[in-house]
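Q: So TrEMBL says this about it:
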- 12-34: transmembrane segment (TRANSMEM)
- 21-464: domain 'Major facilitator superfamily (MFS) profile' (DOMAIN)
- 69-90: transmembrane segment (TRANSMEM)
- 102-122: transmembrane segment (TRANSMEM)
- 128-150: transmembrane segment (TRANSMEM)
- 162-180: transmembrane segment (TRANSMEM)
- 192-213: transmembrane segment (TRANSMEM)
- 276-299: transmembrane segment (TRANSMEM)
- 314-336: transmembrane segment (TRANSMEM)
- 343-365: transmembrane segment (TRANSMEM)
- 371-390: transmembrane segment (TRANSMEM)
- 411-433: transmembrane segment (TRANSMEM)
- 439-460: transmembrane segment (TRANSMEM)
Amino acid sequence: MEQQSPARKEGRLTLILSLATLIAAFGSSFQYGYNVAAVNSPAELMKEFYNQTYYERNNNYINEFSLTLLWSVSVSMFPFGGFLGSLMVGPLVNKFGRKGTLLFNNIFSIVPAILMGCSEVARSFEMIIVSRLLVGICAGLSSSVVPMYLGELAPKNLRGALGVVPQVFITVGILVAQIFGLRSLLANKEGWPILLGLTGIPAALQLLLLPFFPESPRYLLIQKKDEAAAKNALKKLRGWDDVGSEMEEIRQEDEAEKAAGFISVLKLFSMRSLRWQVISIIILMGGQQLSGVNAIYYYADQIYLSAGVNHHDVQYVTVGTGAVNVLMTACAVFIVELLGRRVLLLLGFSVCFTSCCVLTAALALQDTISWMPYISIACVISYVVGHALGPSPIPALLITEIFLQSSRPSAFMVGGSVHWLSNFTVGLIFPFIQVGLGPYSFIIFAVICLLTTIYIFLVVPETKGKTFMEINQIFTKMNKVSEVHPEKEELKDFPISASGL
């Protein structure tokens, strides 16, 4: 990306760096995926438990509407917690550090894991609803902090690949939850509290192992002003002693930062020079969630059932879909540097659009044409493939690329909030839309995919292989701000800090 002096060694994937990546991603991102999918399989059992508990207290059963509402609330407490978590990112990463925040975050996983595990014994469905809120906060924090921590640990040349690793672990979490959610394993009367409680195990492992790994050298030097610690952290991560040039780079970045000052969320919205970047992040994050990916996950089982899959075999089809998702996201790690971000986004959203359209037709015609159910399953699978290639992993990567250091934490908070609020809305409203519109509910998602595709085609530039400075100039032209505009203060010493980004 930048011109490197001949003496400068390319960063390599050292053992410490790869272990830190695995532990951070397994301890945090994995749980996000696990909790998205864990309530899918035992849904009916849990509704029964809600009804039974209510009966024991009040001597009558809950009516249908209230039960749907209670269940929707249980499902969507998770994304609401995620929204709260994403608002806590800024203050926490500056106070506790990146690694410190990940360790602190485990409280929001271990406590609810114990609560959910005991909910049945305690005969309390309120415990489940509160726990969903807490694991949501955990996921909201980790979905921003893990990419930030890994991005600051990684050498330049590995930053893209390591940036997609958390997304791979999210899909692995979904898959593991689907496997444990097989009826023969844990989705049964005795097993479902254990299925929900297992989320505490990765957190406990992270709590034990992560303290042995280095904190982000950037945080140590820039925020903590602790040069010796930053130097030691870098030596450990890089596997060699000569880290002088990289330390110098972080120092220059620090200087450039002082000139730029910190850009708050409010300032982010008011700066003309960042207008299209902010709009793009909001549309990409909104599009990622409102394109129906969670509707397809939350309600995958129902889709297969209504597609005519045998009741007992549904669970195996769901696991198959989860496996496809893991595979395709792992592919994205390698393709993102080859094809570029823009191509993957356009391809992904177009595939999702097509799948939604065909799925609507297939679901509408399934009673009249015998082979239609197979088409709808093919649609769900191709939708998952499309989403895993672009819409899932790329938006978070773009936040890192199209914002400069000074505005990045605020951009992550904006992106995170949009992500979780959209997720929350889909989780809460979709069951009711499904009742009202039946097979036609996916038309809404098709329209959103189409609009997002058009926006990306017209606005979002390719960022592959460009320096942050070049990306910024593309947006400067789009924002119609002159290069010497006073608001461009944050670019003044850019050539120095470009090397550190």
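Keep in mind that glycine also has a Cβ here, set from the backbone N, Cα and C atoms.
TrEMBL does not curate its annotations; it predicts them automatically.
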Q: For the transmembrane segment (371-390), could you work out the same-chain residues 6 or more beyond its ends whose Cβ comes under 8 Å from its Cβ atoms?
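A: Same-chain residues near the transmembrane segment (371-390) but 6 or more away: 171, 291-293, 296, 300, 303-304, 307-309, 317, 320-321, 324-325, 328-329, 331-332, 335, 344-352, 354-356, 358-359, 362-363, 365.
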Q: Mind checking which residues of the chain, 6+ beyond the ends of the transmembrane segment (314-336), have their Cβ under 8 Å from one of its Cβ atoms?
A: 37, 40-41, 160-161, 164-165, 167-168, 170-172, 174-175, 178-179, 181-183, 187, 300-301, 304-305, 344, 377, 380-381, 384-385, 388-390, 392-394, 397, 464
Q: Using Cβ atoms only, state whether the transmembrane segment (162-180) and the transmembrane segment (411-433) have three or more pairs under 8 Å that are 6 or more apart in sequence.
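A: They are not in contact.
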Q: Answer yes if the transmembrane segment (102-122) and the transmembrane segment (343-365) have at least three CB pairs under 8 Å among residue pairs 6 or more apart in sequence, and no otherwise.
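A: Contact criterion not met.
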Q: Decide whether the stretches the transmembrane segment (276-299) and the transmembrane segment (12-34) have at least 3 CB pairs under 8 angstroms, with pairs required to be 6 or more apart in sequence.
A: no
